[in-house]
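Reading through the structure tokens given below for one structure.
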Amino acid sequence: ELMASLRCKLQALWEERELVLSEARECAERGEALEATVRGLCKPNEFERYMMFIGDLEKVLSLLLCLSSRLARVQNAMSRMDGNTDAEEKQSLNERHKLLSRQREDAKDLKENLDRRERVVSGILAKYLTEQQLQDYRHFVQVKTSLLIEQKDLEEQIKFFKEQLENLEQSIP
């Protein structure tokens, strides 16, 4: 019964992931249209700044989300430690926790830098785009960000439920 429930939950998550991927494709199409508009209106160096920002947006967010989920897994493992956990494993988890914490702080700095760059790009675009086009740009950035977060969350949930199902299948003779 539990296995059937896990399979049902996984199926629902896969369907939700397909919807999110479909939305991401639509967002990418809007991004391409916006890119063509920006290319046509801005100076080459301004267009280059725009393209670098959009490219880095996905990279920095993905990095931050990945590090946060890895850190959460390490913290969960640390919370399950008890008196029976050997010293080597404790040390390994503590070292991984410190490393991931530092890396996440660095990624947060990158995100803050990205936010500053977004304000610069927004200022550049404000010189060329109509108010509606500027709103479309801001909406595009917001949706792209939300979809990246949602995709990562779904991937994590799918991974978790797959692991649960595999563990359950292995525990039954």
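Backbone N, Cα and C atoms are what each Cβ position is placed from, and that goes for glycine too.
Summarising the annotation, TrEMBL assigns domain 'ASD2' to 1-173.
On the 0 to 100 pLDDT scale, the coiled coil (90-120) averages 95 in this prediction. Annotation source TrEMBL lists coiled coil at 90-120 (among others).
The coiled coil feature in TrEMBL is assigned to 144-171 (among others).
Panel annotation: around the coiled coil (90-120), residues 49, 52-53, 56-57, 60-61, 63-64, 67-68, 70-71, 74-75, 77-78, 81, 141 of the same chain, lying at least six beyond its termini, place a Cβ under 8 Å from a Cβ of the stretch.
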